Amino acid sequence: MSRRNPCKYEIRGHCLNGKKCHFSHNYFEWPPHALLVRQNFMLNKILKSMDRNNDTLSEISGAAELDRTEEYALGVIGVLESYLSSINNITKQSACVAMSKLLAEINNDDIKRLRNKEVPTSPKIRIYNTVISYIDSNKRNTKQTIHLLKRLPADVLKKTIKNTIDIHNEINGNNQGDINVDEQNE
C-alpha cells in the first residue's frame with residue numbers, strides 16, 4: 001500500500017475535488033500529526049459556532065438573535081407557561097433556557113425566608129430545597145444546569161417549572177405586599 005500525503009483540504013474541513021484529488025482521504029493512512037491538526041481544526045470550528053454568551057443556541061442558526069427568540073415575544077415566564085400548557089410550539093430546549101434565566105432572577109435568601117416560615121413537616125420544604133439547589137447549580141454553571149434540566153423527563157420538568165413559577169410569584173407577591181404596607185405606614 002502506498003502512503004500518500006493527506007489532503008490539505010480534508011485537514012481543514014472538507015475536500016471538494018472529489019475523484020480528481022490525488023491526495024489521501026483515508027484517515028488510517030494519515031500520520032498522527034495530521035490527525036491532530038484535523039481534530040483541533042474541527043473542535044475549533046464547533047467552538048466558534050456556539051453562542052456561549054446568550055442561551056447556548058447557535059449563532060449560525062440565528063436563534064440567538066433577540067428578535068427571533070420566544071423570550072423576546074413572550075418573556076421568560078410566558079415561555080415557561082406556554083411550555084406548561086403546550087401552546088406556541090415551545091421546545092424543551094427553549095423552556096430549559098428560560099428556566100435557567102428565571103433561576104438567575106430568583107434570590108436564594110427570599111426562598112430561604114419562605115422555607116423558614118413553613119412547618120417542618122410541610123411538603124413545600126422539599127420543593128424549596130429543590131429550587132435552591134437548581135439556583136446554586138445555575139450560578140456555578142449555566143450550561144450544565146440547562147443540560148440537567150433537558151435530561152429530566154417531561155412531566156418532572158413541567159412540575160419543576162410550575163413550582164419555580166409559583167415560588168417566583170410568591171416572592172414577587174410578598175415583595176409587592178411589603179411595598180404596599182410601607183406606603184400605608186408613611
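Every residue, even glycine, has its Cβ placed from backbone N, Cα and C.
The phosphoserine feature in Swiss-Prot is assigned to SER58, SER61; the stated evidence is similarity to another entry. Annotation comment: Swiss-Prot describes 32-49 as region 'Oligomerization', evidence class similarity to another entry. Under the heading region 'Globular core', Swiss-Prot lists 76-171, citing similarity to another entry as support. For 126-163, the entry in Swiss-Prot reads region 'Binding to the phosphoprotein'. The site 'Involved in RNA-binding' annotation in Swiss-Prot covers LYS8, PHE23, LYS92, ARG151 and rests on similarity to another entry. Here Swiss-Prot flags 1-28 as zinc finger, drawing on similarity to another entry.
Distribution of Swiss-Prot features across the structure.
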residue : record                         : CB count, 10 Å
LYS8    : site 'Involved in RNA-binding' : 11
PHE23   : site 'Involved in RNA-binding' : 14
LYS92   : site 'Involved in RNA-binding' : 14
ARG151  : site 'Involved in RNA-binding' : 11
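Across the region 'Oligomerization' (32-49), the prediction's mean pLDDT works out to 79. Beyond the zinc finger (1-28), the same-chain residues lying 6 or more positions past its ends with a Cβ under 8 Å from any Cβ of the stretch are 34-35, 37-38, 41-42, 45. Considering only the recorded sites LYS8, PHE23, ARG151, LYS92 (site 'Involved in RNA-binding') has ARG151 as its nearest partner by CA-CA distance. Using DSSP to sort the residues of the region 'Binding to the phosphoprotein' (126-163) gives these counts of helix, strand and coil: 35 helix, 0 strand, 3 coil.
For PHE23 (site 'Involved in RNA-binding') paired with LYS8 (site 'Involved in RNA-binding'), the C-alpha to C-alpha distance reads 8 Å.
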